[in-house]
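Accompanying notes for the structure given below.
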Amino acid sequence: MAGYDVVVVGGGHAGLEAAWAAAALGVRVALVTVNPDRIGMMPCNPAVGGPGKSQLVAEVVALGGLMGRAADAAAIHTRVLNRSKGPAVQSLRVQVDRDLYALKAQEILAERPVEVLRGEVAALWVEGGRLLGVRTVDGRTLPAKAVVVAGGTFLSGVVWYGRKSRPAGRQGEPPARFLSQSLKAVGHTLRRFKTGTPPRIRADSVDFGRLEVVPPEVPPGSFTGNPGPHAARLPTWQTRTTERTHRLILENLHLSPLYAGDIQGIGPRYCPSIEDKVVRFADKESHLLFVEPDGLSTTEVYLQGFSSSLPPELQEEMVRSLPGFERAVIQRYAYAVEYDSLDPTELTRGLQSRFLPGLFSAGQVNGTSGYEEAAAQGLLAGLNAARFALGLPEVHLPRESGYIGVLVDDLVGRGTDEPYRMMTSRVELRLLCRADNADERLTPLAVAWGLRPREDLERVEAKYRRVAAELRRLEALRVEGVSGLQWLRRPENTYRALAERFPPPEPLSPEEAYQVEVRAKYAGYIERQERLREKMRDLEAFRIPEGMDFPKVPGLSREAAEKLSRHRPKSLAEAARIPGVRDSDLTALAVHLRRGA
């Protein structure tokens with residue numbers, strides 16, 4: 001029976017990137033989804049990027065992924081967040097037209113031979129401990145050498161409006177009813193997680209004159225260097241909760257399925273519902289909310305920061321307690337969704353199941369929260385699924401390589417007991433792993449892995465040769481008694497001013513000029529982080545043999561032995577990041593390894 005090399009289950013942000021990456025390697029790919037028209041839809045906020053997330057998108061772009069292209073093409077408002085802070089944490093956020101984003105994502109996917117199939121996957125097809133493909137609810141069998149599960153919130157999904165619930169993966173769409181049982185049968189541990197989304201408000205019912213306007217930046221930012229035609233088109237707005245908002249929530253917590261104990265799933269710590277904010281931060285008089293347009297021609301605005309699972313009739317009162325929303329009409333109510341997710345410590349660093357070779361997973365099913373986290377995992381899972389189908393070894397991104405490396409290392413090495421969100425604070429080498437140098441860091445890997453053509457690498461290498469040449473020129477240049485580099489390191493000085501006084505032989509692009517300025521001004525910090533990276537690599541070089549009997553390692557604490565036995569780290573670096581493993585345990589393990597364990 002003819003089949004596929006890779007079958008991707010789900011058409012969200014993880015599934016899109018998985019199918020796109022797998023197809024880059026020339027294998028036969030099928031993407032199975034209940035509704036192909038909804039591929040790439042954004043069920044929550046209509047935006048891409050933000051702190052920690054824009055860095056992920058930049059790395060996805062560098063690795064040949066499609067999210068950055070789709071976001072730029074659909075952009076209607078862009079801003080760089082944390083602009084007043086250092087380059088390590090500056091983060092682009094791109095507001096998009098929700099429908100246009102999905103359309104552009106589907107158009108990009110169609111550039112590669114991915115077969116899109118309508119259907120619900122009911123089970124993995126496994127015989128004799130081997131993965132043979134998937135079976136669908138309507139009785140089809142789809143043979144495949146590898147499968148990527150990217151089911152988002154659909155695995156046994158339940159949506160909640162107050163104390164009332166119904167099976168759904170998200171509003172108006174049925175859940176994946178059977179796949180969870182198949183994953184359990186393979187040996188995976190499933191947990192219940194929860195997330196939520198705010199209400200959508202009819203735009204003509206909002207008094208925008210009472211809101212604070214946030215204009216788009218001009219010129220607009222972009223992930224790919226090619227801003228879309230509408231990237232500086234629309235503003236966003238801000239409002240705040242009031243004393244009445246908080247009172248309505250506190251007086252009606254018994255109607256919340258979370259506080260009433262109906263929802264067993266664990267919600268995201270860093271994206272809490274408005275109920276959680278009011279309860280957890282009782283000392284705050286108000287909470288900032290962002291009012292975002294859903295698109296260029298939509299009649300809806302999105303109330304970011306106001307996700308809720310309270311009943312619809314109460315949401316009406318809550319929304320109308322906000323300045324500018326006194327006459328607001330809710331088009332779609334907020335709701336919570338509860339779903340199954342895997343324990344990611346049961347995966348390899350290539351996002352492959354430890355129980356069933358050829359089975360990969362990505363996105364919220366791995367315990368993460370957010371489009372960007374899903375896309376990053378999808379790309380890695382799709383790449384490795386294709387490599388598995390071709391008989392090639394798994395590849396992964398080490399922690400020191402960037403944000404995707406940290407994301408996967410945290411998930412697989414430490415696990416998560418709540419929906420995981422990427423933040424800049426999680427990344428030890430964030431000054432080395434900036435969004436602006438993702439191309440330098442990851443394009444060589446993308447080309448080596450078959451995700452991008454060699455001419456892309458040649459362009460990137462030429463760019464950084466020009467940067468290096470300009471840094472050498474500035475080192476030799478004398479300005480006011482010091483070298484050009486020393487002059488540029490003064491806080492009040494800029495490369496633009498220096499280049500106007502002492503022009504380079506060939507003008508640099510804005511991106512190249514930015515690289516010169518960052519590398520000059522932060523040279524000392526960059527050198528410090530490079531030394532830290534070398535230490536991390538030294539620990540990574542300490543490989544731990546497969547099947548090591550940790551309880552027999554002399555000097556290892558009982559807790560460390562238990563944790564190491566559970567997580568099975570492959571290196572001393574991985575062992576160091578496991579909670580409960582102390583420095584003394586690492587020393588004992590290193591001594592044991594040096595003795596030829």
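Cβ coordinates are placed from backbone N, Cα and C, and glycine is handled just like the others.
Over all protein chains present, the Cβ of ALA14 (FAD binding site) has 35 other Cβ atoms lying within 10 Å. The annotation FAD binding site is assigned in Swiss-Prot to GLY10, GLY11, GLY12, HIS13, ALA14, GLY15.
The NAD(+) binding site annotation in Swiss-Prot covers 267-281. Take the CB of GLY267 (NAD(+) binding site) and look out to 10 A: across all protein chains shown you find 21 other CB atoms.
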Densest Cβ neighbourhood among HIS13, ARG269, LYS277 (binding-site residues), 10 Å radius: HIS13
Extra residues within 8 Å (Cβ to Cβ centroid of GLY10, GLY11, GLY12, HIS13, ALA14, GLY15), FAD: VAL8, LEU16, GLU17, ALA18, THR33, ILE39, GLY40, ALA150, GLY151, GLY152, ALA362, GLY363, ALA374, GLY378
In three-state DSSP terms, the structure that HIS13 (FAD binding site) belongs to: helix
Listed in sequence order, residues with CB under 8 A of GLY15 (FAD binding site) and six or more positions away: VAL8, VAL9, LEU31, THR33, ILE39, VAL148, ALA150, ALA362, GLY363, GLY378
Between HIS13 (FAD binding site) and ARG269 (NAD(+) binding site), the C-alpha gap once rounded to whole angstrom: 22
